[in-house]
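Engineer: Right, I'll just put the structure down here and ask away after.
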Amino acid sequence: QAEKKLPPQLAKVLVYDLLFGKGLKCGGRWKALARRHRARLEAELARLKVQQKVSRNEDLLAPAASPTASQLPRYVRVNTLKTCVEDVIDFFKRQGYSYQGKADSLEELRAISKKKFASDLHLPELLVFPSQTDFHDNLLYTSGHIILQDKASCLPAFLLDPAAGSHVIDACAAPGNKTSHLAALLKNKGQIFAFDVDTKRLATMNTMLMRAGVTGFQLAQQDFLTVDPRDPKYARVTHILLDPSCSGSGNVWGSGRDPQSGSGQRLQALAGFQRKVLSHALSFPALQRLVYSTCSLHREENEDVVHAVLQEQGSAFRYAGHRGSQRRGRGTGCCGARGTQHGGLKLKLFTSISSSLPVAAKENLQHGEGTGTRAAAPRKRKRKKQQVK
(Lines of atoms letter the chains of each structure in order from A and count residues from 1; the text may use other names and numbers.)
(Lines give C-alpha, C1' and ligand atoms only; values in the text may rest on other atoms or scores of the structure.)
Protein backbone atom coordinates (compact mmCIF):
# COMPACT_ATOMS: atom_id res chain seq x y z
CA GLN A 1 0.00 0.00 0.00
CA ALA A 2 2.87 2.38 0.80
CA GLU A 3 4.42 1.75 -2.61
CA LYS A 4 1.15 2.58 -4.36
CA LYS A 5 0.93 5.89 -2.50
CA LEU A 6 4.55 6.90 -3.23
CA PRO A 7 4.59 9.76 -5.81
CA PRO A 8 6.79 8.87 -8.82
CA GLN A 9 8.90 12.02 -8.53
CA LEU A 10 9.53 11.38 -4.83
CA ALA A 11 10.51 7.81 -5.68
CA LYS A 12 13.14 9.17 -8.08
CA VAL A 13 14.50 11.50 -5.41
CA LEU A 14 14.72 8.65 -2.88
CA VAL A 15 16.52 6.36 -5.32
CA TYR A 16 18.92 9.15 -6.33
CA ASP A 17 19.74 9.96 -2.67
CA LEU A 18 20.21 6.26 -1.88
CA LEU A 19 22.49 5.37 -4.82
CA PHE A 20 24.11 8.64 -5.96
CA GLY A 21 23.65 11.24 -3.21
CA LYS A 22 24.61 11.58 0.44
CA GLY A 23 22.31 8.82 1.60
CA LEU A 24 18.76 8.94 2.87
CA LYS A 25 18.30 11.84 5.27
CA CYS A 26 14.52 11.55 5.49
CA GLY A 27 12.75 9.46 8.10
CA GLY A 28 9.55 7.53 8.55
CA ARG A 29 7.89 5.17 6.09
CA TRP A 30 9.59 6.52 2.94
CA LYS A 31 13.07 5.77 4.32
CA ALA A 32 11.97 2.31 5.43
CA LEU A 33 10.42 1.67 2.02
CA ALA A 34 13.57 2.66 0.13
CA ARG A 35 15.78 0.56 2.39
CA ARG A 36 13.51 -2.44 1.88
CA HIS A 37 14.40 -2.41 -1.82
CA ARG A 38 18.04 -1.38 -1.39
CA ALA A 39 19.56 -4.76 -2.29
CA ARG A 40 17.55 -4.99 -5.53
CA LEU A 41 18.35 -1.39 -6.47
CA GLU A 42 22.07 -1.89 -5.87
CA ALA A 43 22.00 -5.09 -7.92
CA GLU A 44 20.33 -3.25 -10.82
CA LEU A 45 22.91 -0.47 -10.48
CA ALA A 46 25.77 -3.00 -10.68
CA ARG A 47 24.16 -4.60 -13.74
CA LEU A 48 23.88 -1.22 -15.47
CA LYS A 49 27.56 -0.45 -14.82
CA VAL A 50 28.56 -3.77 -16.36
CA GLN A 51 26.35 -3.11 -19.39
CA GLN A 52 27.72 0.43 -19.85
CA LYS A 53 31.32 -0.71 -19.14
CA VAL A 54 31.90 1.90 -16.45
CA SER A 55 33.31 1.58 -12.93
CA ARG A 56 31.80 4.62 -11.19
CA ASN A 57 28.19 5.44 -10.45
CA GLU A 58 28.65 9.00 -11.76
CA ASP A 59 29.57 7.70 -15.22
CA LEU A 60 26.06 6.35 -15.63
CA LEU A 61 24.72 9.91 -15.70
CA ALA A 62 26.83 10.89 -18.70
CA PRO A 63 24.81 9.11 -21.47
CA ALA A 64 21.67 11.01 -20.44
CA ALA A 65 23.50 14.31 -20.26
CA SER A 66 22.99 17.20 -22.63
CA PRO A 67 25.75 18.08 -25.16
CA THR A 68 27.04 20.86 -22.90
CA ALA A 69 27.19 18.62 -19.84
CA SER A 70 29.30 16.03 -21.67
CA GLN A 71 31.91 18.74 -22.30
CA LEU A 72 32.35 19.73 -18.66
CA PRO A 73 36.03 19.70 -17.69
CA ARG A 74 37.58 17.58 -14.96
CA TYR A 75 38.77 19.58 -11.96
CA VAL A 76 41.70 18.49 -9.78
CA ARG A 77 42.65 20.24 -6.52
CA VAL A 78 46.32 20.14 -5.59
CA ASN A 79 46.70 19.02 -1.97
CA THR A 80 49.11 21.62 -0.60
CA LEU A 81 49.53 19.61 2.61
CA LYS A 82 51.68 17.18 0.62
CA THR A 83 52.99 19.04 -2.40
CA CYS A 84 52.71 22.27 -4.38
CA VAL A 85 51.13 23.30 -7.67
CA GLU A 86 54.46 23.64 -9.46
CA ASP A 87 55.54 20.07 -8.66
CA VAL A 88 52.20 18.62 -9.72
CA ILE A 89 52.36 20.51 -13.03
CA ASP A 90 55.88 19.14 -13.63
CA PHE A 91 54.66 15.61 -12.82
CA PHE A 92 51.88 15.77 -15.40
CA LYS A 93 54.25 17.21 -17.99
CA ARG A 94 56.46 14.14 -17.50
CA GLN A 95 53.39 12.00 -18.09
CA GLY A 96 52.93 13.56 -21.53
CA TYR A 97 50.41 16.31 -20.71
CA SER A 98 50.81 19.78 -22.22
CA TYR A 99 50.41 22.63 -19.72
CA GLN A 100 48.53 25.63 -21.15
CA GLY A 101 49.25 28.03 -18.26
CA LYS A 102 46.63 29.93 -16.30
CA ALA A 103 43.37 30.27 -18.19
CA ASP A 104 42.34 33.82 -19.08
CA SER A 105 38.70 33.03 -19.77
CA LEU A 106 36.02 30.40 -19.28
CA GLU A 107 36.07 29.72 -23.00
CA GLU A 108 39.67 28.52 -22.67
CA LEU A 109 38.66 26.00 -20.01
CA ARG A 110 35.82 24.68 -22.15
CA ALA A 111 38.18 24.29 -25.10
CA ILE A 112 40.71 22.07 -23.32
CA SER A 113 41.04 18.74 -25.10
CA LYS A 114 43.20 15.63 -25.44
CA LYS A 115 46.25 15.60 -23.11
CA LYS A 116 46.20 19.29 -22.24
CA PHE A 117 45.51 21.00 -18.91
CA ALA A 118 45.48 24.49 -17.41
CA SER A 119 45.29 26.34 -14.10
CA ASP A 120 41.87 27.63 -13.09
CA LEU A 121 41.39 31.37 -13.46
CA HIS A 122 39.88 31.78 -9.96
CA LEU A 123 41.35 29.16 -7.59
CA PRO A 124 45.16 28.91 -7.70
CA GLU A 125 45.33 25.30 -6.45
CA LEU A 126 42.84 23.99 -9.02
CA LEU A 127 43.92 22.37 -12.29
CA VAL A 128 41.55 21.75 -15.19
CA PHE A 129 41.69 18.72 -17.50
CA PRO A 130 39.52 17.50 -20.39
CA SER A 131 36.19 15.90 -19.59
CA GLN A 132 36.24 12.20 -18.68
CA THR A 133 39.96 12.23 -17.76
CA ASP A 134 40.38 9.38 -15.28
CA PHE A 135 42.84 9.76 -12.37
CA HIS A 136 41.72 6.90 -10.14
CA ASP A 137 44.85 4.85 -10.91
CA ASN A 138 47.16 7.87 -11.05
CA LEU A 139 50.00 7.89 -8.49
CA LEU A 140 49.19 11.45 -7.41
CA TYR A 141 45.62 10.47 -6.58
CA THR A 142 46.39 7.20 -4.80
CA SER A 143 49.07 8.94 -2.70
CA GLY A 144 46.80 11.85 -1.74
CA HIS A 145 48.77 14.53 -3.59
CA ILE A 146 45.70 15.52 -5.62
CA ILE A 147 42.00 15.53 -4.71
CA LEU A 148 39.32 14.94 -7.35
CA GLN A 149 36.95 17.75 -6.42
CA ASP A 150 34.60 19.84 -8.54
CA LYS A 151 35.21 23.56 -8.56
CA ALA A 152 31.79 24.25 -7.06
CA SER A 153 32.72 22.03 -4.12
CA CYS A 154 35.95 24.00 -3.59
CA LEU A 155 34.23 27.38 -3.35
CA PRO A 156 32.70 27.10 0.17
CA ALA A 157 36.04 26.48 1.95
CA PHE A 158 37.73 29.06 -0.29
CA LEU A 159 35.13 31.65 0.77
CA LEU A 160 35.31 30.66 4.44
CA ASP A 161 39.05 31.35 4.27
CA PRO A 162 40.05 30.47 7.87
CA ALA A 163 43.49 31.64 9.01
CA ALA A 164 46.08 29.08 10.04
CA GLY A 165 45.50 28.21 13.69
CA SER A 166 41.73 28.74 13.60
CA HIS A 167 39.22 26.36 15.12
CA VAL A 168 36.70 25.31 12.46
CA ILE A 169 33.55 23.19 12.35
CA ASP A 170 32.54 21.21 9.27
CA ALA A 171 28.94 20.58 10.28
CA CYS A 172 27.90 18.03 7.61
CA ALA A 173 31.33 16.74 6.67
CA ALA A 174 31.27 13.39 4.83
CA PRO A 175 32.66 12.42 2.37
CA GLY A 176 35.40 14.86 3.43
CA ASN A 177 36.70 16.74 0.38
CA LYS A 178 35.76 20.09 1.90
CA THR A 179 37.29 19.03 5.23
CA SER A 180 40.62 18.26 3.57
CA HIS A 181 40.41 21.60 1.75
CA LEU A 182 39.88 23.38 5.08
CA ALA A 183 42.93 21.58 6.51
CA ALA A 184 45.01 22.78 3.55
CA LEU A 185 43.87 26.36 4.13
CA LEU A 186 44.70 25.97 7.84
CA LYS A 187 48.10 24.46 6.92
CA ASN A 188 47.29 21.71 9.42
CA LYS A 189 47.40 24.26 12.23
CA GLY A 190 44.44 24.76 14.53
CA GLN A 191 41.57 22.31 14.89
CA ILE A 192 38.76 20.94 12.72
CA PHE A 193 35.63 19.38 14.25
CA ALA A 194 33.78 17.32 11.65
CA PHE A 195 30.32 15.80 12.13
CA ASP A 196 28.24 13.29 10.23
CA VAL A 197 25.58 10.76 11.22
CA ASP A 198 26.62 7.91 8.92
CA THR A 199 29.19 5.48 10.38
CA LYS A 200 30.37 4.05 7.05
CA ARG A 201 30.79 7.48 5.49
CA LEU A 202 32.81 8.66 8.49
CA ALA A 203 35.08 5.59 8.22
CA THR A 204 35.65 6.31 4.52
CA MET A 205 36.23 9.97 5.34
CA ASN A 206 38.81 9.10 8.00
CA THR A 207 40.74 6.99 5.49
CA MET A 208 40.65 9.78 2.91
CA LEU A 209 41.82 12.44 5.40
CA MET A 210 44.69 10.26 6.58
CA ARG A 211 45.75 9.65 2.98
CA ALA A 212 45.64 13.41 2.36
CA GLY A 213 47.94 14.04 5.32
CA VAL A 214 45.33 15.88 7.39
CA THR A 215 46.05 16.25 11.10
CA GLY A 216 44.34 18.17 13.89
CA PHE A 217 40.83 16.92 13.18
CA GLN A 218 38.18 15.22 15.28
CA LEU A 219 35.47 13.15 13.61
CA ALA A 220 32.21 12.55 15.45
CA GLN A 221 29.26 10.35 14.49
CA GLN A 222 26.78 12.90 15.72
CA ASP A 223 23.91 14.99 14.44
CA PHE A 224 25.22 18.56 14.39
CA LEU A 225 21.95 19.73 15.93
CA THR A 226 22.82 17.79 19.09
CA VAL A 227 26.20 19.51 19.50
CA ASP A 228 26.24 21.91 22.46
CA PRO A 229 27.60 25.31 21.38
CA ARG A 230 28.42 26.06 25.04
CA ASP A 231 30.70 23.04 25.37
CA PRO A 232 34.17 24.42 26.32
CA LYS A 233 35.84 22.40 23.55
CA TYR A 234 34.06 24.62 20.98
CA ALA A 235 34.76 27.92 22.76
CA ARG A 236 37.37 28.89 20.16
CA VAL A 237 35.35 27.95 17.05
CA THR A 238 35.35 31.03 14.84
CA HIS A 239 34.51 29.51 11.44
CA ILE A 240 31.78 27.09 10.39
CA LEU A 241 31.21 25.41 7.05
CA LEU A 242 27.58 24.34 6.70
CA ASP A 243 26.63 22.22 3.68
CA PRO A 244 23.38 20.61 4.90
CA SER A 245 21.20 17.95 3.31
CA CYS A 246 19.27 19.40 0.39
CA SER A 247 17.16 18.30 -2.57
CA GLY A 248 20.28 17.91 -4.74
CA SER A 249 18.49 19.49 -7.70
CA GLY A 250 21.72 21.21 -8.77
CA ASN A 251 23.60 17.92 -9.02
CA VAL A 252 21.59 16.86 -12.05
CA TRP A 253 21.63 20.22 -13.83
CA GLY A 254 22.25 19.73 -17.52
CA SER A 255 21.53 16.00 -17.36
CA GLY A 256 18.21 16.06 -19.09
CA ARG A 257 16.26 15.85 -15.83
CA ASP A 258 13.86 18.42 -14.52
CA PRO A 259 15.58 20.28 -11.63
CA GLN A 260 12.21 21.63 -10.48
CA SER A 261 10.74 18.17 -10.05
CA GLY A 262 10.24 16.60 -6.66
CA SER A 263 7.89 16.79 -3.76
CA GLY A 264 6.90 20.26 -2.58
CA GLN A 265 6.26 18.69 0.80
CA ARG A 266 9.82 17.38 0.89
CA LEU A 267 11.18 20.80 -0.08
CA GLN A 268 9.36 22.40 2.81
CA ALA A 269 10.67 19.74 5.19
CA LEU A 270 14.22 20.25 3.93
CA ALA A 271 13.95 24.03 4.21
CA GLY A 272 12.69 23.69 7.78
CA PHE A 273 15.65 21.49 8.67
CA GLN A 274 18.07 23.89 6.96
CA ARG A 275 16.73 26.90 8.88
CA LYS A 276 17.04 24.96 12.12
CA VAL A 277 20.61 23.84 11.51
CA LEU A 278 21.71 27.31 10.31
CA SER A 279 20.26 28.94 13.42
CA HIS A 280 22.05 26.37 15.54
CA ALA A 281 25.36 27.06 13.81
CA LEU A 282 25.03 30.81 14.43
CA SER A 283 24.65 30.16 18.17
CA PHE A 284 28.32 29.27 18.70
CA PRO A 285 29.62 32.08 20.92
CA ALA A 286 32.94 32.89 19.22
CA LEU A 287 31.69 32.51 15.64
CA GLN A 288 32.96 35.14 13.22
CA ARG A 289 32.23 33.70 9.78
CA LEU A 290 29.97 31.00 8.37
CA VAL A 291 29.53 29.78 4.81
CA TYR A 292 26.17 28.17 4.02
CA SER A 293 26.03 26.17 0.79
CA THR A 294 23.70 23.78 -1.00
CA CYS A 295 23.59 22.05 -4.37
CA SER A 296 19.96 23.00 -4.84
CA LEU A 297 18.34 25.23 -7.45
CA HIS A 298 15.40 26.04 -5.22
CA ARG A 299 15.12 29.46 -3.61
CA GLU A 300 13.30 27.82 -0.69
CA GLU A 301 16.53 26.07 0.29
CA ASN A 302 18.82 29.03 -0.34
CA GLU A 303 17.84 32.72 -0.16
CA ASP A 304 14.66 32.06 1.81
CA VAL A 305 16.49 30.02 4.44
CA VAL A 306 19.30 32.54 4.93
CA HIS A 307 16.98 35.55 4.91
CA ALA A 308 14.63 34.00 7.49
CA VAL A 309 17.46 33.08 9.86
CA LEU A 310 19.19 36.46 9.60
CA GLN A 311 15.85 38.13 10.33
CA GLU A 312 15.67 36.08 13.52
CA GLN A 313 19.26 36.98 14.44
CA GLY A 314 18.62 40.72 14.24
CA SER A 315 21.90 42.65 13.99
CA ALA A 316 24.13 39.87 15.32
CA PHE A 317 25.17 38.66 11.85
CA ARG A 318 25.24 40.09 8.34
CA TYR A 319 25.93 39.03 4.77
CA ALA A 320 29.64 39.18 3.95
CA GLY A 321 31.24 40.03 0.61
CA HIS A 322 31.66 37.50 -2.19
CA ARG A 323 34.40 36.83 -4.70
CA GLY A 324 34.26 35.41 -8.20
CA SER A 325 30.64 34.27 -8.25
CA GLN A 326 27.33 35.14 -9.80
CA ARG A 327 24.87 37.07 -7.66
CA ARG A 328 21.48 35.41 -7.35
CA GLY A 329 19.59 38.70 -7.30
CA ARG A 330 20.03 42.14 -5.85
CA GLY A 331 19.88 42.25 -2.08
CA THR A 332 19.78 38.47 -1.60
CA GLY A 333 23.36 38.11 -0.41
CA CYS A 334 23.52 34.67 -2.07
CA CYS A 335 25.75 33.65 -4.95
CA GLY A 336 25.59 30.83 -7.40
CA ALA A 337 27.90 28.88 -9.69
CA ARG A 338 26.62 26.83 -12.57
CA GLY A 339 27.94 25.21 -15.73
CA THR A 340 27.26 27.74 -18.44
CA GLN A 341 28.83 30.64 -16.57
CA HIS A 342 31.72 28.85 -14.85
CA GLY A 343 33.26 26.57 -17.41
CA GLY A 344 31.62 23.39 -16.20
CA LEU A 345 30.68 23.65 -12.55
CA LYS A 346 28.13 21.47 -10.91
CA LEU A 347 25.66 23.92 -9.46
CA LYS A 348 26.39 25.26 -5.99
CA LEU A 349 24.62 28.04 -4.11
CA PHE A 350 26.41 29.68 -1.24
CA THR A 351 26.49 32.71 0.99
CA SER A 352 29.01 33.98 3.49
CA ILE A 353 27.75 35.29 6.84
CA SER A 354 29.90 37.36 9.21
CA SER A 355 29.52 38.49 12.77
CA SER A 356 28.39 42.09 13.15
CA LEU A 357 30.53 42.62 16.24
CA PRO A 358 32.58 45.84 16.09
CA VAL A 359 36.23 45.31 15.18
CA ALA A 360 37.39 46.23 18.70
CA ALA A 361 35.05 43.68 20.24
CA LYS A 362 36.34 41.01 17.85
CA GLU A 363 39.93 41.80 18.80
CA ASN A 364 39.09 41.60 22.50
CA LEU A 365 37.37 38.28 21.91
CA GLN A 366 40.41 36.95 20.07
CA HIS A 367 42.81 37.97 22.83
CA GLY A 368 40.48 36.80 25.57
CA GLU A 369 39.60 33.46 23.98
CA GLY A 370 42.90 32.90 22.20
CA THR A 371 41.25 32.21 18.87
CA GLY A 372 44.19 33.31 16.77
CA THR A 373 41.91 34.53 13.98
CA ARG A 374 42.15 37.59 11.86
CA ALA A 375 39.97 39.65 9.53
CA ALA A 376 39.18 37.90 6.26
CA ALA A 377 41.62 39.71 3.96
CA PRO A 378 43.61 38.36 1.02
CA ARG A 379 46.89 36.85 2.11
CA LYS A 380 49.85 35.15 0.57
CA ARG A 381 50.44 31.55 1.51
CA LYS A 382 53.90 30.07 1.57
CA ARG A 383 54.09 26.63 0.04
CA LYS A 384 55.91 23.80 1.72
CA LYS A 385 57.11 21.74 -1.20
CA GLN A 386 57.28 17.98 -1.27
CA GLN A 387 58.89 16.74 -4.46
CA VAL A 388 56.72 14.38 -6.51
CA LYS A 389 58.88 11.74 -8.12
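Glycine is treated like the rest: Cβ placed from N, Cα and C.
As listed in TrEMBL for this protein:
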COILED    31-58  coiled coil
DOMAIN    64-353  domain 'SAM-dependent MTase RsmB/NOP-type'
BINDING   C172, A173, A174, P175, G176, N177, K178, D196, D223, D243  S-adenosyl-L-methionine binding site
ACT_SITE  C295  active site, nucleophile
REGION    362-389  region 'Disordered'
COMPBIAS  377-389  compositional bias 'Basic residues'
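Please situate the listed features within the shown structure.
Structural biologist: Here G176 (S-adenosyl-L-methionine binding site) comes close to A194, T204, M205, M208, L209: these same-chain residues lie at least six apart in sequence, with C-beta atoms under 8 angstroms from its C-beta.
Around the Cβ of C295 (active site, nucleophile), a 10 Å sphere holds 24 further Cβ atoms from the protein chains shown.
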Engineer: If you count CB neighbours within 10 Å, which one among the binding-site residues C172, A174 has the smallest count?
Structural biologist: C172
Engineer: Whole-number Å only: compute the distance from the Cα of C172 (S-adenosyl-L-methionine binding site) to the Cα of C295 (active site, nucleophile).
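Structural biologist: Per the Cα atoms, C172 (S-adenosyl-L-methionine binding site) and C295 (active site, nucleophile) stand 13 Å apart.
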Engineer: 10 Å Cβ neighbour count around D223 (S-adenosyl-L-methionine binding site)?
Structural biologist: 13
Engineer: Measuring Cα to Cα, tell me the gap between D223 (S-adenosyl-L-methionine binding site) and C295 (active site, nucleophile) in whole angstrom.
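Structural biologist: So the Cα of C295 (active site, nucleophile) lies 20 Å away from that of D223 (S-adenosyl-L-methionine binding site).
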Engineer: Take the Cβ of K178 (S-adenosyl-L-methionine binding site) and count every other Cβ within 10 Å, whichever protein chain it belongs to.
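Structural biologist: Around K178 (S-adenosyl-L-methionine binding site), other Cβ atoms within 10 Å: 25.
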